[in-house]
Amino acid sequence: MDNNQKGGTVTRKINKTIVYIVCICLAVLSILPFWIMFVNATRSTTEIQSGLSLIPSTHMMSNLRVLLEKSFDPIQGFMNSFIISASATLLTVYFSSLAAYGLVTYSWKLRGAFFTFILCVMMIPAQASAIGFYQFMYKIHWTNSFLPLILPAIAAPAVVFFMRQYLLATLSIEIVEAARVDGSGEFKTFNRIILPLMVPAVATQAIFAFVGNWNNLFMPMILLTQKEKYTMPIMVSLLRGDIYKTEFGSIYMGLALTALPLFVVYFLLSRYIIAGVALGGVKE
Amino acid sequence: MRRKGVNYSRFGYIFTFPFVLAFLIFSLYPILYTAFIGFTDLQGLIPKPLHILDNPFQNFKDLLFDNPSFRKSLINTGLLWIVNFVPQIVLALLLTAWFTNQRLKIKGQGIFKVLLYMPNIITAGTIAVLFSTLFAYPMSPVNSFFEMMGWSDAPINFLQDKTIARGIVAFIQFWMWYGNTMIILIAGVMGINPALFESAAIDGANGIQTFFRITLPSLRTILLFTLITSMVGGLTMFDIPQLFLAGGPDDSTLTTSMFIYGQAFKGSYLYNRAAAASMIMFVISAVLSAFVFYLMRDRDAAKLKKIEKMHRKSAKSNQGGVTHGQ
């Protein structure tokens with residue numbers, strides 16, 4: 001018996017060692033490309049060409065200067081991306097919560113049908129309608145406008161689905177009825193009582209919606225042709241162009257600048273992001 | 001006093017109205033419009049009235065039978081998805097098994113999760129350009145590394161090789177998404193009734209047995225959810241192949257979304273052909289989703305039965321444990 005247990009702990013120790021080795025390797029694999037990116041952003045082109053290094057150098061400012069000289073305007077791109085992502089996130093979160101609340105609280109004839117409809121809409125890839133969408137926006141002169149990138153966010157089926165699952169698990173109808181007895185209108189009840197109750201779910205979905213909109217490339221690339229309207233991902237695509245062909249240092253600098261805000265946000269919020277994904281998973 | 005359900009049901013319609021309106025304007029109408037354009041001769045930069053072709057299915061026919069580039073893009077999309085999804089789900093399952101194993105008690109789990117999930121947060125475009133720079137020819141970090149290790153004496157032009165280029169795209173996709181899949185699966189495991197694991201432990205099941213007999217069967221629904229989202233995502237793969245090598249070398253990393261983008265927006269303005277290609281892509285994703293949905297339906301019914309059983313069991317053993325229903 002004793003012997004057996006000892007054997008068990010030995011195998012467990014070996015197993016554990018294997019697990020740690022694999023996990024550390026994967027963690028290094030996650031960090032290394034970004035580390036090389038940040039290091040190379042501080043190295044001169046000749047240094048980069050002379051070989052791999054993991055220690056930062058001193059050419060950060062000169063790389064930045066070369067980058068900015070050639071029509072790369074990270075501040076403008078940052079602002080554009082921020083305006084689009086923040087507005088789209090607000091619309092997504094508010095109207096999805098509203099629709100989910102409508103689905104959960106009221107019994108109406110088309111309720112079941114609407115839920116099925118949302119499940120179906122979730123499966124439609126955005127690119128499938130891109131040509132018609134572009135032609136439509138072209139006709140009403142909305143190309144080079146942020147509106148077609150923001151307004152469609154009102155209909156986010158996956159978020160409605162998530163919010164519905166969350167409300168089903170947490171909302172008790174007594175709260176709504178108590179508010180009614182106190183004379184609160186339906187919209188007021190939603191805005192003042194229900195929305196604050198939904199904060200955990202809202203925060204999770206807001207983070208995802210923000211990152212998703214921030215990273216979107218396909219639609220902005222189709223709709224935005226004026227340089228002043230470019231978003232961060234479009235600016236990244238410029239780094240692939242000929243103007244930076246031999247300026248490796250400034251290419252890495254450009255990449256670092258587009259990734260940096262997301263890194264900062266991620267490490268500040270990583271705990272909530274991971275927990276949020278977990279919450280999302282459980283409710284599926 | 002007013003009663004619930006008499007006066008209030010109209011709010012169901014009012015509260016879901018913005019969603020429906022936005023969907024009709026920004027999704028349904030564009031899809032129908034796209035489908036319609038697929039039957040017309042709409043081309044060129046200057047808008048003109050739509051004219052349906054004499055043979056309405058000409059665009060579709062041309063694409064499917066006379067356009068090797070389109071066929072190649074479909075094959076590439078499928079190939080890139082399979083090559084990244086299989087290792088992704090295997091590694092995610094393995095990590096899930098380790099991280100949720102009560103007896104292993106991995107330390108620093110939080111840090112590992114944060115780090116493994118990190119690539120998923122950064123803009124795909126940034127990652128694609130980063131990798132193309134890492135593998136560049138003749139000078140790049142990977143080439144220097146190869147020389148340092150003595151694996152090669154002359155710089156290798158990795159990105160000229162079709163297989164390597166495809167492999168790297170699939171790898172980036174895998175690298176960006178396995179952390180995400182892992183975290184969803186871990187969440188799924190945490191949603192499984194702990195009583196199941198306890199009884200398995202009492203019955204003397206080891207880690208591997210517990211994983212295959214209890215964890216995996218309970219995860220079916222979530223595995224299917226992962227499958228669907230990954231499939232729809234895979235079908236619309238765009239950022240990474242577009243910015244990595246713009247489809248090259250020799251169209252070996254050209255995906256369907258890139259084909260559509262290239263036909264309509266890169267100077268050729270072949271809107272009709274791009275629209276027809278979009279519709280083919282739409283039909284494929286609808287068929288695949290319907291198929292997976294069908295599978296999910298069956299499993300849900302089975303799951304309901306299981307939950308009922310569990311309820312009865314827990315009632316019997318007088319534990320009253322919480323079961324996670326839908």
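We number each residue from 1, going along the chain as drawn.
The backbone N, Cα and C atoms fix where each Cβ goes, glycine too.
Taken from TrEMBL, the feature domain 'ABC transmembrane type-1' covers B:74-292.
Residues 282 of the same chain lie 6 or more positions beyond the ends of the transmembrane segment (B:12-32) yet place their CB under 8 Å from a CB of it. Marked as transmembrane segment by TrEMBL: B:12-32 (among others).
Residues or ranges marked as transmembrane segment in TrEMBL: B:78-99 (among others). Sequence-distant contacts of the transmembrane segment (B:78-99) (same chain, six or more residues past either end, CB-CB distance under 8 Å): 106, 109, 112-113, 116, 166-167, 169-171, 173-174, 177-178, 181-182, 185-186, 189, 207, 211, 215-216, 223, 226, 230-231, 234-235, 237, 241, 253, 255.
Below 8 angstroms of C-beta separation, residues 95, 99, 143, 155-160, 168, 172, 175-180, 182-183, 186, 239-245 of the same chain, each at least six residues beyond the ends of the transmembrane segment (B:111-137), sit close to that stretch. According to TrEMBL, the transmembrane segment annotation covers B:111-137 (among others).
Long-range Cβ contacts of the transmembrane segment (B:175-197) within its own chain (Cβ-Cβ under 8 Å, at least 6 residues beyond either end) map to 84, 87-89, 91-93, 95-96, 99-100, 102, 113, 116-120, 124, 127, 210, 214-215, 218-219, 221-223, 225-226, 230, 240, 310, 313-314, 319, 321-324. The transmembrane segment annotation in TrEMBL covers B:175-197 (among others).
Annotation source TrEMBL lists transmembrane segment at B:218-238 (among others).
Annotation source TrEMBL lists transmembrane segment at B:274-296 (among others).
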